[in-house]
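Trainee: Straight out of TrEMBL:
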| type | residues | note |
| --- | --- | --- |
| DOMAIN | A:1-389 | domain 'Aminoacyl-transfer RNA synthetases class-II family profile' |
| BINDING | A:ASP106, A:LEU107, A:THR108, A:ARG136, A:GLN150, A:ASP154, A:ARG302, A:TYR306, A:TYR307 | L-histidine binding site |
Amino acid sequence: MSNIKPSLAKGTRDFSPLEMIRRNYIFDTIKSVFKKYGYAEIQTPAMENLQTLTGKYGDEGDKLIFKILNSGDFLKEPKKKEFDFNAPENSNQLTPLISEKALRYDLTVPFARYVVMHQNEIALPFKRFQVQPVWRADRPQRGRYREFYQCDADVVGSDSLLNEAEFACIYHEALQKLGLRDFTIKLNNRKILSGIAELIGKPELIVDMTVAIDKLDKIGLDGVSKELVERGFTSADLEILKPVILLEGNNAEKLNSLSQVLAHSETGLKGIDELKRVLDYVEALNPGLTATMLQLDITLARGLNYYTGCIFEVKTNEVAMGSIGGGGRYDDLTGMFGLKGLTGVGISFGADRIYDVLEELGLFPETAMAGTRVLLTNFDAAAEAFALPLLSRLRDAGIAAELYPAAAKLKKQFSYADAKGIPYVVIVGGEELESGKPALKNMATGEQESLTIDLLIERLQ
RNA sequence: GUGGUUUUAGCUCAGUCGGUUAGAGCGCCUGAUUGUGGUUCAGGAGGUCGUGGGUUCGAGCCCCAUAUUCCACCCCA
């Protein structure tokens, strides 16, 4: 058997002990906020039936789903042998023949599947959170991985805009707790975007319109105009769009201008009303948030095509990074699984991007690795026999302790303690066996003293 | 999916015009110190130069293919 050079699959990463401490710090912080707002945790499988996932994320999204090859001799059946591999563009036809499972692409669609399957057990409104990895066959780059964790909170079965308002508060509270100070929670409403498309008389081009104006801060008005024309809008359309895109002022002022522009669009007005009520709720829950971090942004579109109402996106202003969170309301996600009339709204934190941001800003707390507190040295069989009961007593006292597993040179054992950052070493050798008093050495100060076992344990607590 | 970029010791990186035995720092191992880490000193090990082809008397260096890294698009957390 030839030796394979060890390597990671593209876009995936190992997490070492320090990284895990930091990652868990992020997960725990976000989870604690979710719990405080009444959300309960669930988990779903890493893989779903391919059918469950396809068609939910748009054409681009479908391409990014990792499919799992069927097991066994999956081309055995005669029907499959007739497949024409030479036909053009035939991958789409081949996929269902050789794959029926896929890795989940996000946590929202599996959650919708979960709600439908468990509808008889859950009480509505159902508030759940979920922290698990998702997979996307994207090309990796900064802040973009093929395997990454999402921290989702969703509520289904409640159309109250209080939910939206609370999500804004959750974003604020969790990110604040993680040490981020300058970030923006952007808020928009799909109904407003629909209203604008109606106004122009091209409701069928809403997706093209949103994709284009979403890029305003990136490519500017000229770039957006150019793209809109490419996507089928006329210069007359642009004249209508321009003042909407360039809307300025605070949230209330923007809403005022919009209600004039959209005065004849029922959908648009509904969107405006929804945003107003969300902002009022937030103002009552967290006064001041609406004036600073929560910003109405008409150009916010978001790609996922199942959103129908409010949409969120969170960006940090401290480092250059894509969005660190997003979400929105979807009125009929469970409808695709046969459960009609159930509305849902949810948000997601991108834990891996938050990690990169915290690292770049040096915001991880300095809490040392909660590793071993004391190492017992190992001289020989007699010393080991003496050390074993002491080891148990230390652990019973709740002290993380380990005995060096072989009678190696002391130099090696001390180097091990040093490399692992263990703050104390207990030396048990001939002298200590005679006196019955092990020596406790403080690795930071170099001080060393002989202590009775009781005193030693007391000292380490 | 499109365009560019990276890959040389465990890690971070030098390597001139294509020319003899591919280097440095850090880390690692050994000893100074057979009961003491982190500091110091002395010595040592460690390389199919991402992989596969090609050009050449000769390739780490040039050409082709492929993988990988990072970046910009597309899109997104």
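Cβ atoms are placed via backbone N, Cα and C, with glycine included.
Remember, TrEMBL labels are computer predictions, not curated facts.
Help me understand the surroundings of these features in the structure.
Mentor: Here the Cβ of A:ARG302 (L-histidine binding site) has 19 other Cβ atoms within 10 Å, regardless of which shown protein chain they belong to.
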Trainee: Neighbour count first, Cβ atoms within 10 Å, every protein chain included; then name which of A:THR108, A:GLN150 tops the list of binding-site residues.
Mentor: A:THR108
Trainee: What does DSSP assign A:GLN150 (L-histidine binding site), in three states?
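Mentor: Looking at the DSSP assignment, A:GLN150 (L-histidine binding site) belongs to a strand.
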Trainee: Express in Å, rounded to the nearest integer, the largest CA to CA distance found among the L-histidine-binding residues A:ASP106, A:LEU107, A:THR108, A:ARG136, A:GLN150, A:ASP154, A:ARG302, A:TYR306, A:TYR307 named in the record.
Mentor: 21
Trainee: What's the number of neighbouring CB atoms sitting within 10 A of the CB on A:TYR307 (L-histidine binding site)?
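Mentor: So the number of other Cβ atoms within 10 Å of A:TYR307 (L-histidine binding site) is 23.
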